[in-house]
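Features reported for this protein in TrEMBL:
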ACT_SITE  B:Asp306  active site
BINDING   B:His59, B:His61, B:Asp153, B:Asp306  Zn(2+) 1 binding site
BINDING   B:His61, B:Leu62, B:Arg63, B:Asn93, B:Asn279, B:His310, B:Phe324, B:Gly325  substrate binding site
BINDING   B:Asp153, B:His180, B:His233  Zn(2+) 2 binding site
DOMAIN    B:49-236  domain 'Dihydroorotase catalytic'
Amino acid sequence: MTGLRHLLSAADLDHAGAIAVLDTAAQMAATQSREIKKLPTLRGRTVVNLFFEDSTRTRISFEAAAKRLSADVINFSAKGSSVSKGESLKDTALTLQAMGADAVVIRHHASGAPHRLAHAGWVDAAVVNAGDGTHQHPTQALLDAFTLRRHLAGGSDNPDGVGLDLAGTHVAIVGDVLHSRVARSNVLLLHTLGARVTLVAPPTLVPVGVEAWPCAVSYDLDGVITDQQPDAVMMLRVQRERMGAGGGAASGATSFFPSPLEYTRTFGLDARRLRMLPDHAIVLHPGPMNRGLEISADAADSDRSVIVEQVSNGVAVRMAVLYLLLAGEREGWS
Amino acid sequence: MTTHLLRGASPLGGAATDVLLADGRVAALGADARSGADAGTVTVDADGLVLLPGLVDLHTHLREPGREDAETVRSGTRAAAAGGFTAVHAMANTSPVADTAGVVEQVWRLGRDAGWVDVFPVGAVSVGLAGTQLAELGAMAHSAARVRVFSDDGQCVHDPVLMRRALEYVKAFDGVIAQHAQEPRLTVGAQMHEGAVSAEVGLAGWPAVAEEAIIARDVLLAEHVGSRLHVCHLSTAGSVEIVRWAKARGIAVTAEVTPHHLLLTDELARTYDPLYKVNPPLRTAEDVEALREALADGTIDIVATDHAPHTREDKDCEWAAAAFGMTGLETALPIVATTLVETGRMTWADVARVLSSAPARIGRVDTGPTPQGRPVAVGEPANLTLVDPAARWTVEPRQLRSASTNTPYGGRELSGRVVATFLRGRPTVLDGAPVDTDLDGTDPR
């Protein structure tokens with residue numbers, strides 16, 4: 001791990017580095033089936049979960065990961081920021097520095113906040129981006145890649161696909177790409193790992209400038225499923241404030257699509273579309289789901305759904321990231 | 001008043017000559033200048049230096065009244081003098097807003113008392129910059145501040161009827177509306193130029209069309225009512241095309257470009273350093289090239305700084321929380337020299353046009369009680385700037401004179417340095433430093 005002090009973006013990982021994280025995560029996952037799950041690796045180190053945005057599931061995932069490596073964990077829920085005239089990011093950072101944090105896991109509503117934390121000279125700690133605005137969420141992409149690799153690359157003799165990448169696989173990412181840090185992180189990491197990515201969304205939810213991304217873009221979910229038979233479909237959450245009916249007009253915002261019903265009809269993963277997928281295809285969702293909107297109960301609860309497994313893989317991947325950043329395991333992570 | 005003899009200066013980069021400044025005017029040139037000097041004359045060695053008419057900024061934020069923690073009229077005009085300016089137009093988005101005769105006269109008096117440059121207040125177009133009701137434009141025009149430039153800068157006059165009325169109304173006193181072209185609905189929450197970089201870094205986009213649509217509307221309005229329109233901080237290649245088209249049609253439109261839009265691009269947003277957060281945002285390399293071309297061919301009339309000082313706490317934060325704007329008074333001339341003179345696309349005479357005579361003409365301050373932007377000629381007011389075209393220097397934010405340090409150029413090497421500035425014959429800058437006290441130790445102002 002020559003040089004990588006922080007994990008701010010999926011772009012920070014090259015092919016070898018990404019494989020190293022996934023392989024380490026596989027080792028971590030193996031320890032989690034033991035009766036005693038705790039490893040002594042980060043004993044005496046302090047990991048701060050600095051969350052400016054509510055996200056219970058991501059916070060407890062990082063918390064479990066750090067605790068299973070025996071690190072001391074401090075949860076710092078900093079609601080608001082300099083935007084709302086609370087304590088500034090800088091002062092919060094200086095406080096963490098004074099407390100001797102070894103790693104700061106940060107979730108922030110402003111794109112680039114983890115980058116500022118890492119590079120403004122406020123803290124010496126390793127910074128892990130746990131989701132920033134509409135920018136990046138690299139550990140989500142890593143746990144998605146880990147899950148995809150287990151199902152699409154691993155075999156009976158190598159169930160976790162250790163050492164393998166995702167060359168030859170095709171992943172469709174469906175939904176609100178414009179506002180999605182999950183989509184941005186996955187496009188970069190899946191490309192690095194050799195997978196082919198197709199983004200599927202209404203044109204209003206695809207960012208201007210997407211042409212430069214290493215992926216294809218389609219506005220036709222049925223066409224992608226029928227003609228391209230993707231190996232995996234990743235459904236993205238559609239947030240309420242992007243919708244037309246119910247508050248949109250009153251708040252002065254213009255919705256990104258005409259109605260939730262039209263969205264579901266065109267871009268939702270329902271039982272019919274589920275049946276059209278190839279037999280081996282899996283369904284992912286970063287959670288929390290809007291059942292009945294972007295994903296039907298049929299799809300969410302089907303045998304193809306790996307959504308619950310994503311959560312447990314998240315702990316293993318975050319253990320790997322903290323371990324590689326803090327414990328001095330350097331090889332293969334560049 | 002002390003007389004000054006500038007020895008060996010090159011007016012507009014031409015043949016070297018001597019220039020005698022006496023009684024606030026250019027008293028003599030060449031041999032007459034030498035013979036006109038007497039024992040009390042202070043000689044300034046101007047060998048190898050370019051002599052320009054004092055620079056005139058049509059777009060400066062001095063922050064006073066209201067945000068004296070970021071800049072005052074005194075600190076901002078001292079920085080302006082250090083940058084070679086002898087006049088600045090102070091934008092109206094202060095607190096309280098410069099939307100009455102009282103506020104513009106206050107700013108004008110603060111400028112006069114500070115004495116570094118002539119301060120010409122800009123009046124707000126609408127009350128409180130709210131975009132609904134015309135401010136008392138006539139009262140400001142007829143005040144001691146003699147306002148001729150009106151702008152809601154920081155906000156766009158987006159209501160087409162209000163814009164039409166404003167354009168028409170200021171014809172009575174030969175005023176001009178300086179429009180901050182930004183369609184508000186297309187730029188809600190916008191953080192940076194919308195394009196490949198914004199898509200990647202996840203900052204909300206400020207599309208070029210939000211600027212271009214307003215400029216297109218406004219040139220048509222200006223044509224319809226026969227009024228003068230000035231476009232502030234034009235930033236896109238598409239805006240250049242619209243202004244070029246409008247000028248070809250004979251519409252009375254003028255346009256400005258900032259130094260930062262001539263040099264910096266949206267790639268800098270990848271750093272998430274709010275020093276690069278500015279409105280309108282930094283655009284693409286293609287836009288930068290179009291702006292340089294347009295300035296060189298005259299489609300864009302002037303360079304204006306949009307000097308926008310901000311306190312450290314307004315920049316020492318995450319990008320979305322930071323204020324828009326960057327300082328620019330002390331780096332404007334060097335950036336024009338570096339990007340356009342050194343590259344052979346403009347002459348020093350062109351620089352005098354885009355940074356002095358044209359902005360003075362647009363603001364109608366080339367005549368009146370304190371004329372600015374006049375030619376370097378005998379009998380004209382001695383508002384002059386001496387520039388060392390060969391000097392290369394590295395920008396050190398703390399050495400700049402603005403009260404704020406939010407320059408995006410720290411560590412960057414630039415060509416061309418202001419050596420001396422004269423305001424009506426009195427040196428405000430000598431040897432590259434502001435003249436804070438007179439020879440006898442008193443404050444000359």
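Cβ from N, Cα, C; glycine included.
Ranked by Cα separation from B:Gly325 (substrate binding site), the recorded positions B:His59, B:Asp153, B:Asp306 are led by B:Asp306. Within 10 Å of the C-beta atom of B:Asp153 (Zn(2+) 1 binding site) sit 25 other C-beta atoms, taking all shown protein chains into account.
Mean pLDDT across the domain 'Dihydroorotase catalytic' (B:49-236) comes to 98 in this model. Within the same chain, residues at least 6 positions away in sequence whose Cβ sits under 8 Å from that of B:His233 (Zn(2+) 2 binding site) are B:His59, B:His180, B:Glu256, B:Val257, B:Thr258, B:His261, B:Pro280, B:Ala304, B:Asp306. Within 10 Å of B:Asp153 (Zn(2+) 1 binding site), counting C-alpha to C-alpha distances, fall the following of the binding-site residues B:Leu62, B:Arg63, B:Asn93, B:Phe324: B:Asn93. Residues near B:Arg63 (substrate binding site) in space but far in sequence (CB under 8 A, at least 6 apart, same chain), listed by position: B:Ala70, B:Glu71, B:Thr72, B:Gly76, B:Thr94, B:Pro309. For B:His310 (substrate binding site) paired with B:His61 (Zn(2+) 1 binding site), the C-alpha to C-alpha distance reads 10 Å. For B:Asn93 (substrate binding site), other Cβ atoms within 10 Å of its Cβ number 22. Excluding B:Asp153, B:His180, B:His233, which define the Zn(2+) 2 site, the same chain contributes B:His59, B:Met91, B:Ser151, B:Gly154, B:Ala178, B:Gln179, B:Ala181, B:Gln182, B:Cys232, B:Asn279, B:Pro280, B:Asp306 within 8 Å (Cβ to the Cβ centroid), listed in sequence order. Summary: among the binding-site residues (B:His61, B:Asn279, B:His310, B:Phe324), the fewest other C-beta atoms within 10 A of the C-beta are counted at B:Phe324. In this record, substrate is bound by B:His61, B:Leu62, B:Arg63, B:Asn93, B:Asn279, B:His310, B:Phe324, B:Gly325; the longest C-alpha to C-alpha distance in that set is 17 Å. Within 10 Å of the Cβ of B:Asp306 (active site) there are 29 other Cβ atoms, across all protein chains. Classification of B:His59 (Zn(2+) 1 binding site) by DSSP places it within a strand. In sequence order, B:Thr60, B:Met91, B:Gly154, B:Cys232, B:His233, B:Ala304, B:Thr305, B:His307, B:Ala308 are the residues of the same chain, not among B:His59, B:His61, B:Asp153, B:Asp306, whose CB sits within 8 A of the CB centroid for the Zn(2+) 1 site.
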